[in-house]
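The topological domain 'Cytoplasmic' annotation in Swiss-Prot covers 1-20. Taken from Swiss-Prot, the feature transmembrane segment covers 21-43. The feature topological domain 'Extracellular' is assigned by Swiss-Prot to 44-571, with a curator's inference given as support. Annotation comment: Swiss-Prot describes 133-225 as domain 'WSC 1'. If you look up Swiss-Prot, you'll see 195, 248 marked as N-linked glycosylation site, on the strength of sequence analysis. The domain 'WSC 2' annotation in Swiss-Prot covers 236-330.
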């Protein structure tokens, strides 16, 4: 140690006497390091031929009766490991990544320019598909005293786009969307103003260069093509159906008012003002209230029985004294909104198990409303925590949550739970939902480039076998398993959610379940305006998935359970 210190002192004194040599050597050292760093930047990852790829992709075995399922037991990092593990890596300079003929196809500008050009073309095609969902009508006069579109409105002086306005109006069930001042969006069921010259609509959208968003007191108006569920709305109110008058009207619907000039919006506005979630139109009378056991809204009647025209709006139906037209207002039913952690640590761990894309997040929302307790998760998703799932941050074994979300399969993971609700969904729908989540978020959409590119076929090849093994594993290794089909939950939420609450050991309260029915969508439903315009499944994909469906159906029936719904397709 003393010798080393002595040598260091000699070097220090030497360079102190000759500083020029010191800085020269330092500059040479830094230059050499920079060259090594720059050289490492030329390392690429060329595509590996199919013959060299990992065989763990789970491709069907030729000549076999059923497709090969493989050992697809994924851990907590399942979202990232599937793709990473299936590709072998090779490193080398980029000029060896492609042969001469392949590089020639890229032109003089190389791959980066081609990718940028391709991305622009894809974005233009996506925009064209979005525009097909709405037809431009024209430029219309607008006045603050007498609006052309008299529904809801919202403003965004930084990020307003045509599609954003259309999407918001479509979600609320309006037929028309109009943009003004480059940043204002108005919705309505009819245009109540005159058409003017197109040159008057000359203001660019604040969030989209090159797009027109009206002008000064001028609206750029679009006619929307609504999804089926959106078409059953009236502005911000949701159409619930035609129902027979309840036996004890004053108890079922406690607030009533006579309206000689009845219209849907007048009754909805009255009940909204009185803070009731239901508006029932009965000819010239408007009734307001909550869904209760006296008026549960479960037995719908033929809409022709409610087809009496409104006195103030000839194109609207206002029901009769015996048959009510019912709308749900935007007033929140607070009877099922309180949530908390379990007061004492639970002795049982109950899983809410599903394949990704099968509606687990939605089911958690329903369970929290129905029980009043937070649900937990085997994972952690910050975006879900920010949306109100406060149990997301708890460890899954904490015992403070009513059940635990999990996508796990495999004996060890399953046997860690004392019981499970197994949520099963049509694989065709589940795969598409998970693909949208993966590339677009919980309520977003994957871009058309992802559907048309290599991502979708690879996704189906990896995830379709897992849809089957996930269900089979839970049926085999689960201690107590309640099977709930996503489609049944949507169609008969009251009954199916009651079954789920019973398994969780919580008393079933009918009024609370009725409250959940009116809040069932939450903030976890994708927009109705933007839909995929074609079937992404090839004939080969459908044959493979059909075999998995038959396998799961057989397993369910062998345990005296209901088989998969008929909507899954031929078996």
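Quick reminder: no glycine exception, Cβ is built from N, Cα and C everywhere.
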Position of peak Cβ density within 10 Å, selected from the glycosylation sites 195, 248: 195
Pairwise CA distance, residue 195 (N-linked glycosylation site) versus residue 248 (N-linked glycosylation site), rounded so that it is a whole Å: 50
Per-region confidence, the topological domain 'Cytoplasmic' (1-20) (mean pLDDT, whole number): 61
Counts by DSSP class (helix H/G/I, strand E/B, coil) across the domain 'WSC 2' (236-330): 18 helix, 32 strand, 45 coil
